[in-house]
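Below is one structure; the comments refer to it alone.
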Amino acid sequence: MEEETCLDCKRPTIMVVDHSSGDTICSECGLVLEAHIIEYSQEWRTFASDDNHSDRDPNRVGAATNPFLKSGDLVTIIEKPKETASSVLSKDDISTLFRAHNQVKNHEEDLIKQAFEEIQRMTDALDLDIVINSRACEIVSKYDGHANTKLRRGKKLNAICAASVSTACRELQLSRTLKEIAEVANGVDKKDIRKESLVIKRVLESHQTSVSASQAIINTGELVRRFCSKLDISQREIMAIPEAVEKAENFDIRRNPKSVLAAIIFMISHISQTNRKPIREIGIVAEVVENTIKNSVKDMYPYALKIIPNWYACESDIIKRLDGVITSWDSAKFSV
C-alpha cells in the first residue's frame, strides 16, 4: 500500500494494489485508478530446506527463457538430498529419482548450453557487443538443428563457436580478424575456424532458402490486403487477386512477390470494365516502377488463362483485354 492523491477524493489517501487483478484502488472511495497493471519484475518464490521452516529464504525465479533452446531453458532439476533435510520421501528414494532423472534428461541441450557459454567467454575476451553474442548463439542453434550438422564435444565445438563468432562479426561489419578470434578459442587455429565457417555458410544459406519460400507466401498475403485497401479495390476483385497469386506460384515466374502481386492487380483490374486502376497508381502503392509491372504482366500473360479465376472472367475477355494492353505498350515503345 502507498499514499497517493485520488482523482475522485481530491486528497492524499492510501492506494491498495490488487495483485490478482492488477488494479490500483483508492481505499477511501473505491475508485480504480489503474487497471491491469503488468508486473515485469521476477516473481518472488520461497524455498525451504526443512519442514520447520527455520531457514526459509525468498529467492528470485531464474533468468528468462532462451529462444535458441528447444525447451526454452524450461527444465526440471532434481538435486541430491542434503544430510539435514527431511522429506516425505526417504533419502534413498530421492537418490533413485535423481539417478533416473540424469538418465532421461536432454544431454544434447547440455552441449548447446556449453557452446553458448563458450561463445560468451569468447565475446567477453574480444570485448564484443551483446548483439554479436546473440547472433553467434543463433548461428550455433541453426548449426545444431540442421539435418547434416551436429555439435560435438572437444576441439570441434570450440571451432564451431569461434566460426560462429567470426560469421556474426562479418554480418554485423565488426572488424575482428581470424587471428584475434583464434587467440581466444582454446587451441583452435585459423584453418579450423575457416573450415567451420564454410560449413556455417552452407547451413545459413540452406536455412534462408527454406524460410524465404514460406515467408514469400505469408508476406504476399499481407501485401494483398494492404495494397487492395490503399487502391480501394472492390470486394469481387479482392476475392480474385489472392486466388490468382496462389495459382501463379505454380509457374516459373522469376519475379519478386511485390512485382507479381502488382502485375496481378493490374491484370485483374484491367479485365474489369468498371474499376480499372492505372498502372502508375498501382506502381506507387506497390513501390514498383511501371516498366517492372509491364514486364511482369508480359511474363505472366502466357499463363493468364490458368492464373485468372474462371469465375471472374471468361477466356475470351482475358485474352482480348490483356492482349490489347500489351500490344499498346509495344506500339508505344516502337513509336518512341
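Yeah, the Cβs are placed from backbone N, Cα and C, and that goes for glycine too.
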Annotated zinc finger segment (source Swiss-Prot; candidates 2-34, 35-67, 200-232): 2-34
Least Cβ-crowded entry, counting other Cβ within 10 Å, from the binding-site residues listed as C6, C9: C9
Residues of the zinc finger (2-34) by DSSP state, where helix covers H, G and I: 0 helix, 18 strand, 15 coil
Cβ atoms near C26 (Zn(2+) binding site) (within 10 Å, other residues, all chains): 20
Extra residues within 8 Å (Cβ to Cβ centroid of C6, C9, C26, C29), Zn(2+): L7, D8, R11, T13, S27, E28, G30, L31
Count of other CB atoms lying within 10 Å of the CB belonging to C29 (Zn(2+) binding site): 11
